[in-house]
């Protein structure tokens, strides 16, 4: 009957739709059902849109009735020629009916439209269809709408309330939330105006009829009492939400009952996680909430009621409700009661729940003043699955510690133990730590001990347990414990031998007053990083101590250049200035493991950032670096800073992307080795030994020693050669890998196209078998359209993914393997060459000593400027003790000057078979052709040689201040009296008949600092870079060789 609508009416309808921003879904005309039986029926036009139903009187251009879909309560229709709509608008109920032969079409259109606009509306909230046979009702097809129709529902709610819908909310829901399959509704993602009452009401109204979201997050938005009522309506209807977070939303003792009542009334509620923390609920509000907890049909898995200003009464009611609900023992896994005052009554209520068998995995009772004895006893009985316990900020007494020790000993699942702020005495803390380490069932434990004022005593206690006791702790936080320089040094030295710790937090432990132990403390940190300890993360910020290390931290920065274990470093707040930033840049050029660096608040200037940027350009492993905002704020106005920071950010983005420099790099391989820097430390050691050998002034005659010296002189060439071999092999690998991946690009492209064709064929077959109306030509046209109209995989994209992406990662991993093999070969070579040169040096020293002894014992010394006198009968020469390798006493050294005895005319020859050779080390300025020092203390000298030169493993750490070493000089004929000095004697060797050469047993390792092998090679000043050699220990990860730290200034 739409043909009976006049053009004038149609024009009015068009204007109405434009004004209401609606579109027509159905337009018809009929006779109005009048309540008066004798009254003549009048015509009415019915217009159905997405949100409303309009009834208009023809030729009057006036809307007689306007009904929103949500206002409809019932539709009655006993016959297919008439229907009546019962609605309620502004709390006034009315009915409106029409007589029309399109009754069924109109009813079904209203049903379909309502279902489309309110897709998730529960059945009890929809209008009723009364007296309508099922045969008249069509089946409604369900559509897959973004976010379960949230946008349509939101727009309809806005229309119902007369509020303009926000296009940004609709766009976000359609293009972000839905496309990313995000099931959490977060109010923080929506930009709310200052007065957001209408927006919140519309959003909550849409959530009431939506089943898409499974989590509601309203954190930090303050609701008023009216808005809590709207939220309660949502919770009464929603049947899909599982996680409700109301952290800091303004809940109070008078609004909490509104929410609790709504939760209790919804029998279909699927809620399993509730967060009502940081609200002033108090005991009264907690009592109302506990009524829901006790009656929850499904139980609760996670419950957070922290900082709700509840006292023992409120906590007691809540814990009793947990025990009353039988579902809680099998569902509750997370319970947070922190920030409330439990005291004895609350502790008793909690223990009554914990004592029963339960599935609790995390318990947080920090800052609750609990009765530890009561709670711990319940933990031992019922909490067999507890993994995390937080008792921080509760002052522990000596009486309570044994109860915790008992719980730790009985646990087999504990992973995280938080004791921060408990001020537990050191001796009692040791009991707890020992209990953790003694429990063989506990593994990978996270131990938080920060802010306990442990001091130096606590540091010593932890250090004493670190090596062999803390075998199951992987994370240790000892921040803000007032260790000071000495304590930091002690705790780092203690963990050198630990084999499990992976993350160590030392924030805020340096005191404001710098002590003499500061360099030693920093050196201890460096030694910890270079040791066998598997430490991967180190945080050493200034913390709350406000005592920055400034320039003292530079040595730690420089040590990163050769560190091969640390993955994450935080040194924020130490005010190291631009010098530290430049040092970081230089260290990053050779560091190949650090991937996270945090270094804000270090007084870094634009010059410092520029130096850092230079190093970062040559580093491919640093991927995470939080923006140092404090330093940027201070220097963002400096010239060229913006460009510098853009380049730094570009380098970080490059490292985060897998498509790094792989092909077309002009021969600059990934992570190319800086040969001169890597080899300088060990190579200098070899050159130093060669110079010492030359300084003796004696020619090497032994064939084996000649080969050793020649090999040593070729070391630099050989090491350089193997580095070039590595670079060549890596370059060839990149070429081969590049070619293989390029060939594989075509293979992948063919596979994708084949699968696409297979899918197309199956689609066509399915459609041809299903749709009888589609003939062969139609299917053929569809196949052609798919073939030429659908999107193909770009071969260039496959090339980029495989060659530049996967290829770069594979090349980088292979390069790491090559570097590892190269390091082993280099270290082995230098070790063997150093041992050989050390042996040659000792042989030459022995030969020189023998020659000097023979010369001093057989030939008179002419032109002696010192007069001689007869020996005193009361002062006989000192007879030395026999050495372990001979039974004949060694020859007594002759005296010079006034104390020298008279020489016989024919001095007896010196027997080389019974007298071991003796050498001395005179002062550099004194001739040594005639020895005035006593040479009789051979046993002590031999012991010194065995200690300093005898092939033992070198020390792990380089000493802070090495002792000065004597310089050897060439013997001359002029002799002056010598003062008594430590005498360097040869090692004990088997006697031979050859007077000029004594076979020497080769030492088993390089010398230690302070031995003869560490003497300077000439009278010139000692080398600027001195690197202590490191032992070669067979282990999973070999500690790196200490190399010279890069200087930061000339």
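Using N, Cα and C of the backbone, Cβ positions are placed for all residues, glycine too.
Long-range contacts of the repeat 'LRR 1' (243-266) within the same chain, counting only residues at least 6 positions beyond its ends with a Cβ under 8 Å from a Cβ of the stretch, are 184, 214-225, 228-229, 231-233, 235-237, 272-286, 288-289, 291-292, 295-296, 302, 304. Annotation source Swiss-Prot lists repeat 'LRR 1' at 243-266.
Within its own chain, the repeat 'LRR 2' (268-291) has Cβ neighbours under 8 Å at 122, 219, 235, 238-257, 259-261, 297-311, 313-315, 317-318, 320-321, 331, 334, 336, 339, counting only residues six or more beyond its boundaries. Positions annotated as repeat 'LRR 2' by Swiss-Prot: 268-291.
Marked as repeat 'LRR 3' by Swiss-Prot: 329-352. Same-chain residues lying 6+ beyond the ends of the repeat 'LRR 3' (329-352) with a Cβ under 8 Å from its Cβ atoms: 272-273, 277, 298-320, 322-323, 358-371, 374-375, 377-378, 390.
Residues 338, 354, 357-370, 372-373, 376-377, 415-425, 428, 431-432, 435-436, 438-439, 442, 448 of the same chain lie 6 or more positions beyond the ends of the repeat 'LRR 4' (383-409) yet place their CB under 8 Å from a CB of it. The feature repeat 'LRR 4' is assigned by Swiss-Prot to 383-409.
The helix, strand and coil residue counts that DSSP assigns across the repeat 'LRR 5' (411-436) are 11 helix, 3 strand, 12 coil. Per Swiss-Prot, the feature repeat 'LRR 5' maps to 411-436.
Marked as repeat 'LRR 6' by Swiss-Prot: 442-464. Residues 392, 408, 411-412, 414-424, 426, 429-430, 433, 436, 470, 472-484, 486-488, 490-491, 493-495, 505, 507 of the same chain lie 6 or more positions beyond the ends of the repeat 'LRR 6' (442-464) yet place their CB under 8 Å from a CB of it.
Taken through DSSP, the repeat 'LRR 7' (470-493) splits into 10 helix, 5 strand, 9 coil. The repeat 'LRR 7' annotation in Swiss-Prot covers 470-493.
For 563-590, the entry in Swiss-Prot reads repeat 'LRR 8'. The predicted model assigns the repeat 'LRR 8' (563-590) a mean pLDDT of 94.
Sequence annotations record features per position, and here Swiss-Prot assigns region 'Disordered' to 851-931 (among others).
Under the heading compositional bias 'Pro residues', Swiss-Prot lists 862-883.
Among the features that Swiss-Prot reports, compositional bias 'Low complexity' is placed at 884-903 (among others).
The compositional bias 'Low complexity' annotation in Swiss-Prot covers 911-929 (among others).
Annotated region 'Disordered' per Swiss-Prot: 945-1050 (among others), in sequence order.
Residues or ranges marked as compositional bias 'Low complexity' in Swiss-Prot: 988-1011 (among others).
Residues or ranges marked as compositional bias 'Basic residues' in Swiss-Prot: 1033-1050.
Remark: secondary structure over the repeat 'LRR 1' (243-266) totals 10 helix, 4 strand, 10 coil, with classes taken from DSSP. Secondary structure counts, DSSP: the repeat 'LRR 2' (268-291) has 10 helix, 4 strand, 10 coil. Under DSSP, the residues of the repeat 'LRR 3' (329-352) split into helix, strand and coil as follows: 13 helix, 3 strand, 8 coil.
Counting residues of the repeat 'LRR 4' (383-409) by DSSP class, helix then strand then coil, yields 9 helix, 3 strand, 15 coil.
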